[in-house]
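Record features (Swiss-Prot):
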- 1-15: signal peptide (SIGNAL)
- 24-244: domain 'Peptidase S1' (DOMAIN)
- CYS30-CYS160: disulfide bond (DISULFID)
- CYS48-CYS64: disulfide bond (DISULFID)
- HIS63: active site, charge relay system (ACT_SITE)
- GLU75, ASN77, VAL80, GLU85: Ca(2+) binding site (BINDING)
- ASP107: active site, charge relay system (ACT_SITE)
- CYS132-CYS233: disulfide bond (DISULFID)
- CYS139-CYS206: disulfide bond (DISULFID)
- CYS171-CYS185: disulfide bond (DISULFID)
- ASP194: site 'Required for specificity' (SITE)
- CYS196-CYS220: disulfide bond (DISULFID)
- SER200: active site, charge relay system (ACT_SITE)
Amino acid sequence: MHPLLILAFVGAAVAFPSDDDDKIVGGYTCAENSVPYQVSLNAGYHFCGGSLINDQWVVSAAHCYQYHIQVRLGEYNIDVLEGGEQFIDASKIIRHPKYSSWTLDNDILLIKLSTPAVINARVSTLLLPSACASAGTECLISGWGNTLSSGVNYPDLLQCLVAPLLSHADCEASYPGQITNNMICAGFLEGGKDSCQGDSGGPVACNGQLQGIVSWGYGCAQKGKPGVYTKVCNYVDWIQETIAANS
């Protein structure tokens, strides 16, 4: 378990019984090169996901913060070197100034790459949202997180899950008193499909735009407890202003 992830989840122990909420349960193995904006954050091991939004910036979750991060782009099987991967150290790691490790509000992080990524068939960018997505929108969630709701199985190959965004009312009803206006829920109230440990920071892509960041949840794929995601449409101005100030 990673110390800053412990901090994030101890802060809300009732809601976050596990160390880092970043896996896919009930999904499928993504087709190779089908999620070229997905990155792996590495500190000698994969610990979180992220999304490439331009050739030098990645969006992830603030609770994924570590002092030193290597961003791995073009990954599919994270257990082997396949050729075409790009490993680039972070030169700046910027958490949202109002991030709360207690509530996980404003759970968003920007990473500047030390050198620009080379955009190609394996590595490309995901657009920021032009507007907030509505409930019912089908989205693609991806990551290398745990694939079991009970037990542990971390896959080598990138996993995908198609899931709908839920209404704010359903989200609040699932987690009374814990959902802020900066959070969205996605998934299935009946359970069985969800993100989980190892997927944190990864993308929720809806109609070609980054609408969510894997943030937290109660367990994984539990009935009545959908995944909770950072609502990226609330942060477009902050992202653009932060990039401009650190270019």
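Note that Cβ sites are derived from N, Cα and C of the backbone, with glycine treated the same way.
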Problem set entry | Environment of GLU75, ASN77, VAL80, GLU85, the listed Ca(2+) site - residues of the same chain whose CB lies within 8 A of the CB centroid | ARG72, GLY74, TYR76, ILE78, ASP79, LEU81, GLU82
For this session: Output the one of CYS160, CYS206 that, of all these disulfide-bonded residues, has the highest number of other Cβ atoms within 10 Å of its Cβ.
Result: CYS206
Seminar exercise, completed: Judged by other C-beta atoms within 10 Å of its C-beta, the most isolated of the recorded positions VAL80, CYS171 is VAL80
Seminar exercise, completed: CYS171 (disulfide bond) -> DSSP, reduced to three states, gives helix
Problem set entry | Candidate with sparsest Cβ neighbourhood (10 Å radius) among CYS48, CYS64, CYS132, CYS196, the listed disulfide-bonded residues | CYS132
For this session: For CYS30 (disulfide bond), list the number of other Cβ atoms lying within 10 Å of its Cβ atom.
Result: 19
Seminar exercise, completed: Cα nearest CYS48 (disulfide bond) among recorded positions (HIS63, CYS132, CYS196, SER200, CYS233) -> SER200
Exercise. Far apart in sequence but close in space: which same-chain residues, 6 or more away, have a Cβ under 8 Å from ASP194 (site 'Required for specificity')?
Worked result: ILE24, VAL25, GLY26, SER149, LEU161, ALA163, GLY187, PHE188, GLY217, CYS220, ALA221, GLN222, PRO226, GLY227
For this session: With H, G and I counted as helix, E and B as strand and the rest as coil, say where DSSP puts CYS206 (disulfide bond).
Result: strand
Exercise. Which one is closest to HIS63 (active site, charge relay system) in space, judged by CA to CA distance, out of the recorded positions GLU85, CYS139, SER200, CYS206, CYS233?
Worked result: SER200
Exercise. Near ASP107 (active site, charge relay system), which residues of its own chain have a C-beta under 8 A away, given they sit six or more steps off in sequence?
Worked result: ALA61, ALA62, HIS63, HIS96, TYR99, ASN182, ILE213, SER215, TRP216, THR230
Seminar exercise, completed: ASN77 (Ca(2+) binding site), DSSP three-state class -> strand
